[in-house]
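The transmembrane segment feature in TrEMBL is assigned to 12-31, 83-101, 113-129, 135-152, 159-177, 189-209.
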Amino acid sequence: MPQGTLAQRRPWLALSLVFGLSYWLADHTMVPGIYEIAWKGGGVALLALYAWSHHPARDAHRIALVMALCAIGDMVLEIDFTLGAVAFLLGHLAAIALYLGHRRPTPSVSQKALGVATLIGVPLIAFGLSGQPQVALYALGLSGMAAAAWLSDFPRYRVGIGAMMFVASDLLIFARMGPLAQSAIPHLLVWPLYYFGQLLICTGVIGALKTRGEFRAE
């Protein structure tokens, strides 16, 4: 593969980083609502394009679908919280289907234990933080996604950790409904945990597929 800058070799990924970092660091108060919504969704939407456009393999298209559904969720959340959560839940279900198709053949006892703890513990924590059963129901999809990612044969320190960062981001959102309602911590950490978690997931899946020879390098 010819060497060059990230923007030359992977323009969608470079643009995603621009959107994701700028949304985190910039002052949103001067941006009109519709543009801020598009700005928010742009980072993960561009990850979807990165996966879809440059890597024509079925599982690359599946992770692109996951990213696209989450980007829709990012934007719809700003208009209707419930509909945004539904888009994210659909993204989690699509991710679970992908990860279950790539189960790790012989996970260790500790890996299984963490997967089970994630699956059960996250919905319980979500309910404890929010006091809302519908939040716990959504969190069951979230925890299923993270547990499946952790037990998949994709790189654990990219895809697995990325999924756990996504979980941490959402738990901070739920905490903002209760004990951290007046805290600045969710405001500071929700977006970077979420965006960089998604970045790790997407690039981890694509990198693994490339290593396994499922498509040619750009």
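Each residue, glycine too, has its Cβ placed from N, Cα and C.
Proximity of distant same-chain residues to the transmembrane segment (135-152), defined by a Cβ-Cβ separation under 8 Å and at least 6 residues beyond the stretch ends, is recorded for 85, 88-89, 92-93, 95-96, 99-100, 102-104, 107, 111-112, 114-116, 118-127, 129, 159-160, 162-164, 166-167, 170, 174, 177, 201. Note: the stretches the transmembrane segment (189-209) and the transmembrane segment (113-129) are not in contact (fewer than 3 CB pairs below 8 A, sequence gap of 6 or more). Between the transmembrane segment (113-129) and the listed ranges 12-31, 83-101, 159-177, the one holding the most Cβ pairs under 8 Å is 159-177.
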